[in-house]
Amino acid sequence: MDGSTYFGTLHQRPPKEKCAYFNKTTTNIFITAYEGIPQNLLLNVIAWLLLLMFFTVMRKRAWDYGRLALVQKNERWTQLFYGSLDEAVAVNPTDTRAHTLETSISVDQGPFSWLTSVFRIRDDHILAKSGADAVQYLSFQRHIIVFTGIITLVSLLVVLPVNFHGDLEGDGLTFGHTTLSNLHPDSNFLWIHVTLAILYLPLSIFLMRRFSVHLKFEEREAVSKTLMITNVPRRNCDVNDIQRHFRESYPEFDVQDIQLAYDIANLVTLDRRREILHESKLYCEESNKISHDRIQVTPQMCGYLCKPCCYPCQDTVDGLDYYTQEETRIQQKVDAERAKSLKRPLGIAFVTLSNTEGAKKVLSDHRRPWYECNAAPPLSSVSHLLSTRLWTVAFAPSPRDIIWENLAIPTTTRYFKLAITNTLLFAGLFFLTTPVIVLNTMEILKLREIEKANPILSEFMPTLLMWTFAAMLPVLVVKSDQWLGHWTRSEMNHAIMRKTFTFLLFMVLILPSLGLTSIQAFIEFLPSQKEAYRWECLFLPDKGAFFVNYVITSSFIGTSLELIRFPELFMYAVRISVARSEAETASVRKQILWEFPFGVQYAWMLLIFALTTVYSLSCPLITPFGLLYLCLKHLVDRYNIYYAYGPSKISQQIHGTAINCVIASVVMLQASFTLLSILRRGFHDISLYALIGFILTIAFAFSQCFLRWFQNWSPIYYQSAAARQSAIVRRRVAGYYSAHQYIPDVLRRSMPREPIPTARTDPELVTVYSPASGGGESPIHYHIGQPINSSDTATLYQNYETNNCDV
């Protein structure tokens, strides 16, 4: 097979019906004017305005009602979803700074006041209300908005006029005339496209480096003095034996505290039921004080809403008596299960040493390669009993980061679940990809008949269906990762972000761009001796129009639906429908106060950014709509973070992964142009120029990721040790932490409130000091306050604020 057969030229274009891409069976869907883009834009704008009006009506309805559940029981359901401007900062009533910030935002009682308030929210407001991670997330959005704005100007002022100089795709009134396919493969204008693709890389590195300057990538080993030890034999997992081992093996280091992990999965489930009953009892008590009408309970599921139709003959009981008896009954089960749990150690120990040097020494001793001399860690008189050679030692994560009930899941089981889940997800998304589902759905909906009856509606449905099916992917990823049983919340959020972005990228960008939309297309992609693959199908103008329409739909309908948050509303409706009385609705309202899903939102935003970047030169008309999406997304996220979600804390690695995804998008732009130039011209001057630039980019990325070279040119600004030390000092100022923090809340409630025994008065050890009223310092003894799941605190998904720092 010679080069002219293998590398077909674009002007020898095959018939569209020969190309295996997602518009194969719907070649007549789009109206001739710019492939239906104006019609799709008009419909999206209309739908966007209608959804904003709906949201405005819901906010108007919710305006005059209270704040969070259990604070005022007269609140309405809409208040929790659409907020109140004058109560948004009152999540923590004791936060005086939040109260002062409240007066800085002028509240207008008009129906559209929420629009103007979004522009008046500053980063210091969000920092006080939602934490530093929310500020960093919004800062990242602003940086990629700047980058997208630059490539939009370049695409519209440089690339678009250049593409117009071709004559292969219609005239100036056709969409194909604006794309790269309009240029002849031998055109010298292609040098501009390849050069721009190469120059976008240093621009992205510069902007991402400016963003990462404000990130604190604090390595856990630089601040932690607690080790997490696994593979301790369960039958010999004893605190005294472990302490004896460290005393004999490492006499130069003092052990401050040792905590064991227990199997508390069933205990956590029972304690959540007890908590709901306790909150319902408190609700009944407060209601009885205010009103003479005592709350009645139908002791059946869905008894609150469905009693007239489902339980007409069921007698009601007094709410206070019912919940008091049920709480007592469940409390007995909780106490019994707690006693059983303390007899079931998991072979996991949290050992806190006096300083980080000791922790690093122990860690290095247990991580030596087997081929080194004296590779075995130091032994003691109980080493054989504890099987110290089999220990897996790592720096412990934050106590609030640990999902304690998941520690009971063995590592082998987690790996088995991981293999099954990822295999099923990849197989389902690769061989049953979204474009195929869209085609099948359009066949079911008889889209051609709809086109005859209403051509405009037929323009709107393909991209809407594409967006709808793609929106289901994050739900599948989140549910599957929750089933995997990650040991830490940051690990789970990071995994959700990586998998969601990767699968979305394959579904929406990579596979449709290659024309691989089904297993049949994949088989046809494989080379055959009789016929070469239709490489000319790698880019067609109407495929670019589909991506433009997809970005338009995401910009208007997608962002407005994120503002309304229908999934949360649906979950609230399901939970409220199974309540047995009005008293249980307070707990339901508290449970819907979720954290902002940084992982999923990062993945969605980066997908549209990747689409815009990769097609910015081939299809320049996509760039203004990509910029519009990022701007609307930024405003919607500012509103949701400030008014709709609770404070959150995530791993800094998520922000680092987002930076890498931005660089990867620019690299994909170079890869696509390199491949396209080789396929159109073979190995000629422009192709070699693009290939050399791409090879240099890959070499640069490889040297940074694996060899740690060119750190001064890295998109992530790595802080010096002094910067990390200043971060530690700031956390010292924020407060000190008890050495007994590696205890789950369900076990803390039953522990005696005794002072921590200590042999020293060094504040770096067990006893923690705080300012006393007399101007000196007084020790803080081991007094466990209300846990995060207490009756007066909203349950947040990932509200862990403490790190095990070297204080």
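From the backbone N, Cα and C atoms, a Cβ is placed for every residue, glycine too.
Residues annotated as transmembrane segment in TrEMBL: 41-58 (among others).
Look at TrEMBL and you will find 102-207 tagged as domain 'CSC1/OSCA1-like N-terminal transmembrane'. Mapped onto DSSP classes, the domain 'CSC1/OSCA1-like N-terminal transmembrane' (102-207) shows 75 helix, 0 strand, 31 coil.
Positions annotated as transmembrane segment by TrEMBL: 144-164 (among others).
Residues 143-144, 146-147, 150-151, 154, 158-159, 162, 165-166, 180, 183, 613, 617, 659, 662-663, 666-667, 669-670, 673, 677, 686, 689-690, 693, 697, 713-716 of the same chain, all 6+ positions outside the transmembrane segment (189-208), place their C-beta atoms under 8 angstroms from a C-beta of that stretch. Taken from TrEMBL, the feature transmembrane segment applies to 189-208 (among others).
As annotated by TrEMBL, domain 'CSC1/OSCA1-like cytosolic' applies to 224-406.
The transmembrane segment annotation in TrEMBL covers 418-440 (among others).
The feature domain 'CSC1/OSCA1-like 7TM region' is assigned by TrEMBL to 420-673.
Taken from TrEMBL, the feature transmembrane segment covers 460-480 (among others).
The transmembrane segment annotation in TrEMBL covers 501-523 (among others).
For the transmembrane segment (602-632), the residues of the chain that approach it from at least six positions outside its boundaries are 37, 137, 141, 144-145, 148-149, 151-152, 154-156, 159-160, 163, 175, 178-181, 193, 196-197, 200, 474, 496-497, 500-501, 504-505, 508-509, 513, 539, 541, 544-545, 547-548, 550-552, 554-556, 558-559, 654, 657-658, 661-662, 664-666, 668-669, 672-673, 676, judged by C-beta separation under 8 angstroms. The transmembrane segment annotation in TrEMBL covers 602-632 (among others).
The transmembrane segment annotation in TrEMBL covers 658-680 (among others). Long-range contacts of the transmembrane segment (658-680) within the same chain, counting only residues at least 6 positions beyond its ends with a Cβ under 8 Å from a Cβ of the stretch, are 7-10, 140, 144, 147, 180, 185, 190, 193-194, 197-198, 200-201, 204-205, 208, 211-212, 497, 501, 513, 535, 538-539, 602, 606, 609-610, 613-614, 616-618, 686-687, 690-691, 693-694, 697-698, 701, 715-716.
Feature annotation from TrEMBL assigns transmembrane segment to 686-710 (among others).
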